[in-house]
């Protein structure tokens with residue numbers, strides 16, 4: 001066949017060169033995939049900036065709309081929601097149409113069971129080993145060594161937003177153990 005004028009001969013890639021390139025690409029991809037979690041471990045998490053919170057979700061995974069939530073719940077109730085890191089978190093209703101400024105992580109500090117609210121006794125009682133917490137989540141009976149973790153509960157655009165609690169624990173007067 002005749003070549004068109006002005007087009008140089010382009011040598012085709014040999015089989016060995018193609019296999020070397022394919023092997024190099026595969027090894028590189030596997031190495032990068034294996035290194036990603038290691039590198040990601042050493043990168044500190046973002047501080048979250050001004051919007052570092054998580055919108056609370058109900059049992060169906062829908063955002064909690066505060067006006068609707070308060071209309072359907074009574075004063076003194078503690079209702080589970082999905083909070084920071086997906087942990088079950090209690091939304092505390094303090095007064096008429098008022099949410100507490102804090103939420104309670106519902107994971108027991110003993111062995112990680114979800115602690116249900118016992119309204120008749122006005123406390124949280126762990127079903128696994130009997131730890132008890134008062135209505136603010138402060139441990140009152142072991143074997144749990146620590147109080148339930150706190151989160152800030154704020155309202156933004158009529159949605160409930162949980163943010164990390166880093167201040168002094170108002171129940172104990174000490175630095176929070178969960179930070």
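Cβ atoms here come from the backbone N, Cα and C positions, even for glycine.
Per Swiss-Prot, the feature transmembrane segment maps to 21-43; the stated evidence is sequence analysis.
Taken from Swiss-Prot, the feature domain 'Rieske' applies to 61-162.
Annotation source Swiss-Prot lists [2Fe-2S] cluster binding site at 108, 110, 126, 129. Cβ contacts within 10 Å of residue 129 ([2Fe-2S] cluster binding site), excluding its own Cβ and spanning all protein chains shown: 12.
For 113-128, the entry in Swiss-Prot reads disulfide bond, with the evidence type sequence analysis. Within 10 Å of the C-beta of residue 113 (disulfide bond) there are 15 other C-beta atoms, taking all protein chains into account.
Of all the Cβ atoms in the protein chains shown, 25 others lie within 10 Å of the Cβ of residue 126 ([2Fe-2S] cluster binding site).
The recorded positions examined here are 108, 128; by Cβ neighbour count within 10 Å, the least packed of them is 128. Sequence-distant neighbours of the transmembrane segment (21-43) (same chain, 6+ residues past either end, Cβ-Cβ under 8 Å): 13. Neighbours of the [2Fe-2S] cluster site: apart from 108, 110, 126, 129, residues of the same chain with C-beta atoms within 8 angstroms of the site's C-beta centroid are 109, 111, 113, 115, 128, 130, 131, 143, 144. Helix first, then strand, then coil: DSSP counts for the domain 'Rieske' (61-162) stand at 10 helix, 46 strand, 46 coil. There are 18 other Cβ atoms within 10 Å of the Cβ belonging to residue 110 ([2Fe-2S] cluster binding site).
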